[in-house]
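Asks: Per Swiss-Prot, the features are:
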DOMAIN    34-101  domain 'BTB'
REGION    214-306  region 'Disordered'
REGION    275-569  region 'Mediates interaction with KHDRBS1'
MOD_RES   Ser331  phosphoserine
MOD_RES   Ser335  phosphoserine
REGION    343-569  region 'Mediates interaction with RELA'
REGION    371-569  region 'Mediates interaction with SMAD4'
CROSSLNK  Lys430  SUMO2 cross-link
REGION    480-569  region 'Disordered'
CROSSLNK  Lys527  SUMO2 cross-link
MOD_RES   Ser537  phosphoserine
Amino acid sequence: MAGGVDGPIGIPFPDHSSDILSGLNEQRTQGLLCDVVILVEGREFPTHRSVLAACSQYFKKLFTSGAVVDQQNVYEIDFVSAEALTALMDFAYTATLTVSTANVGDILSAARLLEIPAVSRVCTDLLERQILAADDVGDAGQPDGAGPTDQRNLLRAKEYLEFFRSNPMNSLPPTAFQWPGFSAPDDDLDATKEAVAAAVAAVAAGDCNGLDFYGPGPPADRPPTGDGEEGDSTPGLWPERDEDAPPGGLFPPPTAPPATTQNGHYGRAGASTGEEEAVALSEAAPEPGDSPGFLSGAAEGEDGDAADVDGLAASTLLQQMMSSVGRAGDSDEESRPDDKGVMDYYLKYFSGAHEGDVYPAWSQKGEKKIRAKAFQKCPICEKVIQGAGKLPRHIRTHTGEKPYECNICKVRFTRQDKLKVHMRKHTGEKPYLCQQCGAAFAHNYDLKNHMRVHTGLRPYQCDSCCKTFVRSDHLHRHLKKDGCNGVPSRRGRKPRVRGVPPDVPSGAGAPPGLPDAPRNGQEKHFKDEEDDEEEASLDGLGRLNVAGSGGDDGAGGPTVAATEGNFAT
């Protein structure tokens, strides 16, 4: 190129980074494209993982450590305050830190725990130079952060991070998960039984609580079996505890895997007390109706006591699991047909603790795929729409867009299913058929209303006159258009009698066995009912059906209401 520079040219855009950050902050405030929620003191902070990881080394380690973190959408932390996290979030997205005398101590403490050195240096400088001097800045105001409150928060922060960094799957050999329920070879059954037997012995000896997969001991140190033989150990189930160390090590292990919500979100994953552990085990235990047949087998077994699956401890489940393993290894004549399914249930129960999942529910038809229901909010009316793909259809009700057009009469519709129903008017298609009389209908609700002629069902009733109707629009017309005189109709009205002689004299009274004819205002009321409600319609076979306004129609054929002259006094 003549007179130009040969080669690539780098053109800087100084405002590009600030524009990107501004766009991300706008997405955060509107809740768009946020892939993680930080829960602090009951407040939710939707945000982006990449932004937090780029700003905080603690969040970077939290989001990138362990395989279980790939499924994590919600993190609940209790070692920082909501006000401090709000200020740090604004700093991460706007590059501006807003501090005051009241919150500088909390922000400094949170910045140290979340490893944001720039904020820590600024807050420390403000306190040392007494630019923001407070009467009582608390433990966070100490330059070295050695206050008791900071030490407790630091311990909780390390404990929370350690839970996600120590993946129990990594400490177990692959053979530990080759159970019979997961397509393991038959020759591994003996090894599996020995491993579970050692686990049961450890539980019985009190060496572990049945769910302690997070002990501080290395994988090589394993507890001895119940027979006391040295060197005989359980391969990779419960690591040995140090007798001098406190229970659970430096960071007490979680009592149960973090519970998930409907959308796959996780709750708080911290240590809990013994009472909370019992509650967690009770909630995680399978329901009696969903549990396999091992409960009935336990009632018929050696103990003879009925087992209550609610609140079962892990040791009890392990012992019942061993019983199932023993039955699976016996001959086919002695083993029960559902032992294999029982074994699958136990193995899924305990493997769920390794994988960080909730305890699987019993299902004899196999595992079911759980699909998270999509919830979307309408930007116009803020109505929450449930179901993927339904939001555009809802928005058309606001915009008036009708993309689906009938190619015959050019009528347009907002929904394709409405167009499909409309086309039946042109094609004459009537897919809904009455099984009793053979009448065909184009709409499902027409068939539903027609079936009430056979069943006598009249679900819609006037509160004033107690008159009943087959269809809701008939009741609406009775109340709004024609008006209701408020005179209660006689219960069931007069029975309809087929073949009433036409020569019954007027004023001779009703035929024998019938109640007296209506008098005074009731006669006019019944006449209005007949004028308002009775509608004749031809069914698919050309027969005439007349729906009366009161009483139950007799099943078994069309009936015609008696005329006014039959009931005249």
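Cβ coordinates are placed from backbone N, Cα and C, and glycine is handled just like the others.
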Asks: Check the region 'Mediates interaction with KHDRBS1' (275-569) for me and report the mean pLDDT.
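Replies: Here the mean pLDDT over the region 'Mediates interaction with KHDRBS1' (275-569) amounts to 60.
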Asks: Within 10 angstroms of the C-beta of Lys430 (SUMO2 cross-link), what count of other C-beta atoms is obtained when all protein chains are considered?
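Replies: 15, counting other Cβ atoms within 10 Å of Lys430 (SUMO2 cross-link).
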Asks: DSSP secondary structure for Lys430 (SUMO2 cross-link), reduced to helix/strand/coil, please.
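Replies: DSSP call for Lys430 (SUMO2 cross-link): coil, neither helix nor strand.
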Asks: Tally of helix, strand and coil residues over the domain 'BTB' (34-101) according to DSSP?
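Replies: Each residue of the domain 'BTB' (34-101) counted once, the result is 33 helix, 13 strand, 22 coil.
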